[in-house]
Amino acid sequence: MTSSRPVAVIILAAGEGKRMRSTRPKVLHHIAGRSLLHHVLSAAGALAAARTAVVVGHGREQVAAMLAEQAPEVVPVVQDRQHGTGHAVRVALAALGELAPGDTVVVLPGDTPLLTSATLTALVAQHHARAAAATVLSAVIDDATGYGRVVRDGDGAVRAIVEHRDADAATATIREINTGVYAFAAGPLQTALARLTRDNAQGEEYLTDVVGLLVAAGQPVAARVVDDPGEAGGVNDRVQLAAAGRVLRDRIVEAAMRAGTTVVDPRTTWIDADVTLEPDTTIAPNTFLHGRTHVARGAVIGPECTLTDTTVGAGATVLRTTAERAEIGAGAVVGPYSHLRPGTRLGREGKIGSFVETKSADLGNQTKVPHLAYVGDAVVGERSNIGCTTVFVNYDGVAKHRTVIGSDVRIGSDTMLVAPVTVGDGAYTGAGSVIREDVPPGALAVREGRQRIIEGWVSRRRPGSPAARAAAAAGVQAPGSVGDPEHPDEMPQPSAAEAAVPIPAHQGDVAHRSELPHTGEGEAGIAGIPGAGSRT
């Protein structure tokens, strides 16, 4: 906003908010990814105030900490004793320093998250245009019970603000209410504040009394009726908190759609206030976008995604995924059922597939982790493939250690990479290997476990079982019993403990797996290495 008159903003946030029934100050409760106070500060930002003060009282340390982190330019002002809104403004003015009589002071409640920048800008513009000593933001509602009424004279000028408990029968019929939002000229405001008394039932200094004092002094007082009365609604309990959250959600989703985002089902889509969406993005149902998440053009998110402070590149697809503080490259594919923990970076056209968890993992362009894997504290180069059920073993019980995987590497299925360890460019690991030592570039690392075949074991040790019947149907003839002199190499008879173990109704077949790599590429085999391929 451009104005020839400097603007100062005072936000009243000292109340306890007892109806919230919370140890957290009311103004720090969140909707749409921001605290109530943060929403008010954001709306007031359009005024380009030279100085902004927030009056704090209950939970002052928590509120001051929030301001230091999110709005360090704002001055927190402590109201030690709750002597009313007039007293709070007087304390804030003293902290803001000297103001010229013609400067504008805007006063806002800290619990009105639905106020918009447009409304505040219009309020101040009217205040300046009419050269008013005070301009009240009012609202016209059907049921004004409990609200202070704005009383006007025959010319429409404001004569007074009358609290509900003090209203006579005629005043009680007025539907125009005071929202608690004001624009004042600094000089008349300071003069009126000095004349406030606490001669009332509450023993407090009311800011509403300033209006009456200004009128009595012959100063012009105006009112601007807000276009949407809902904007001025305060949040006093958790029911109202949820209601305000619904309004903000609808606003944000509608704005996103009008800016070029397809939201398939607005009713099941939640987008925080600080999320940014480029045009031609698609948000599928049951998706939650939190924090400072950014989604680039052409990306598809959802269904059933929760992304927090996550960046998604152009044309990426993210399905049924949870991600926190992660980066997903352009054209990448993530999900379903993936969990990208903080520090995950997936490069361009990469893949993180089903039931994969990553943490502090930098995965290069076109690198793939298709399914059932844990990748933590790792750097992986480009075009590498991490086979199914691979685990980056990063924790020794005391400290975390890093694994480094080069480019064009094939990690076989069920590999355990025990950090710290490095696998060089173009290297392979065999399926089922435990890699504890560095693997040179282009090498194959295999941890052998010799396979032993005992012919006829099922027929002798599991007679009558489905497996034995299947073996017989396949033409397998059982050799003699264990201990038969013709079969001295057979296993010995079971011990008493072994014999006591019940024989299961069905035993799965023993897979004859190659000890050479399963790369996860989905190929039938790699030239010269039979059985080296595996599913992806």
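Here the Cβ of each residue, glycine as well, is placed from N, Cα and C on the backbone.
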Listed in Swiss-Prot for the acetyl-CoA site shared with N394, Y395, S413, one of A373, A431: A431
Long-range neighbours of the region 'Linker' (239-259), counting only residues six or more past its ends (CB under 8 A): 20, 29, 31-32, 39, 113-114, 230, 233, 266, 269-273, 275, 277, 279, 283
Residues of the region 'Linker' (239-259) by DSSP state, where helix covers H, G and I: 20 helix, 0 strand, 1 coil
Cβ neighbours within the same chain of R341 (UDP-N-acetyl-alpha-D-glucosamine binding site) - under 8 Å, at least six residues apart: E324, A326, E357, T358, K359, S360
Where K26 (UDP-N-acetyl-alpha-D-glucosamine binding site) falls in three-state DSSP terms: helix
Spatial neighbours of A431 (acetyl-CoA binding site) among the binding-site residues L12, A14, K26, G84, D111, Y374 [C-alpha, 10 Å]: none
Lowest local Cβ density (other Cβ within 10 Å) among binding-site residues: N178, N236, N394, S413: N236
C-alpha spacing of D111 (Mg(2+) binding site) relative to N178 (UDP-N-acetyl-alpha-D-glucosamine binding site), in angstrom: 15
